[in-house]
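As annotated by TrEMBL, domain 'Deacetylase sirtuin-type' applies to 1-280. The feature NAD(+) binding site is assigned by TrEMBL to 26-45, 108-111, 217-219, 243-245, Cys261. TrEMBL lists Tyr70, Arg73 with the feature substrate binding site. According to TrEMBL, the active site, proton acceptor annotation covers His126. Here TrEMBL flags Cys134, Cys137, Cys175, Cys180 as Zn(2+) binding site.
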Amino acid sequence: MARPSSDLAAFREIFSKAKNIAIITGAGVSAESGVPTFRGAGGFWRTWQAQELATPESFSRNPSRVWEFYHFRREVMLTKTPNPAHLAIAECEERLSKQGRLVTVITQNIDELHRRAGSKNVLEIHGSLFRTRCLTCGHEATNYKSPICSALDGKGAPDPDTQDAQIPVQQLPRCEQKGCTGLLRPAVVWFGETLDSDILAQVERAMDSCDLCLVVGTSSVVYPAAMFAPQAAAAGVPVAEFNMEDTPATMRFKFHFKGPCGTTLPPALAITRPKHSEKR
């Protein structure tokens, strides 16, 4: 099997004609904004990996600890800004929409950096750090409070020697819907949970109709997102991967651009300038 091409001009030729572009993004695109990935070596908060805390069972067992973890992540995210990769994607969407062309961002990230960069057509398949869901009434709401509740103020330090705050459950974030004071949880998809069926249906429609697919900063190991691009490639859609290294799916793709997304993506998506311009 031949290695994917790294010919930028060849990619740009296909990009210039694409009418419906799906861009799948993962932790690598946010890592360049200084966002902790919590995957791989060193991906610990205190003495736990994210996979040990981001489960319904962990929340049920120790909601205070899990809320400390998510409070820490929310507070970190409020200090981060979109990087050139986020901005290039947002600018591309805005520019192409004026030409009647569609860009859909399908992201595994829960940090909302794509939205903050200006992307409008974003499908957040794992939810958002800045949304909550009530365990009693099911109401979901956007929440950017800092801290999200007074009991979490100053809590969530990631140092391994930090003791659990052991916040009483009544003082953790509570639902503000009329007549409900149920316990809130982060509206993110935890390990062992299924993706939102409505969002998944939108993803499937976007992937079925795309004529170009970009895979940006994702390890291609988290399912079901890891299947999206290989299935597009199998259906004959050109797929371009922008990543620091090869992934299990790399050899199935038409293009692979190695390096930081913030460096490789902007020139790939930049506006096409006429090669010749007459001086008057």
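Heads up, the Cβ atoms here are built off N, Cα and C, so glycines get one too.
Shown on the structure are the features that TrEMBL records.
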residue : record                 : Cβ contacts under 8 Å, 6 or more apart
Gly26   : NAD(+) binding site    : Thr107, Gln108, Asn109, Val216, Gly217, Thr218, Ser219, Val222, Ala225
Ser30   : NAD(+) binding site    : Thr37, Lys80, Asn109, Asp111, Leu113, Gly217
Tyr70   : substrate binding site : Leu129, Pro186, Val188
Arg73   : substrate binding site : Pro36, Leu129
Cys134  : Zn(2+) binding site    : Glu140, Cys175, Gln177, Cys180, Gly182, Leu183, Leu184
Cys137  : Zn(2+) binding site    : Cys175, Gln177, Cys180, Gly182
Met244  : NAD(+) binding site    : Gly28, Gly217, Lys258, Gly259, Pro260
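Annotated Zn(2+) site Cys134, Cys137, Cys175, Cys180; additional same-chain residues within 8 Å of its Cβ mean position, judged by their own Cβ, are Leu135, Thr136, Gly138, His139, Glu176, Gln177, Thr181, Gly182, Leu184. Cα to Cα, Gly34 (NAD(+) binding site) and the residue listed as 'active site, proton acceptor' are separated by 20 Å.
Neighbour counts of Cβ atoms within 10 Å were compared for the binding-site residues Gly34, Gly217, and the top value is held by Gly217.
For the domain 'Deacetylase sirtuin-type' (1-280), the predicted model reports an average pLDDT of 93.
One residue stands out among the binding-site residues Cys175, Cys180 for having the most other Cβ atoms within 10 Å of its Cβ: Cys175. Taking the Cβ of His126 (active site, proton acceptor) as centre and 10 Å as the limit, one finds 20 other Cβ atoms among all the protein chains shown.
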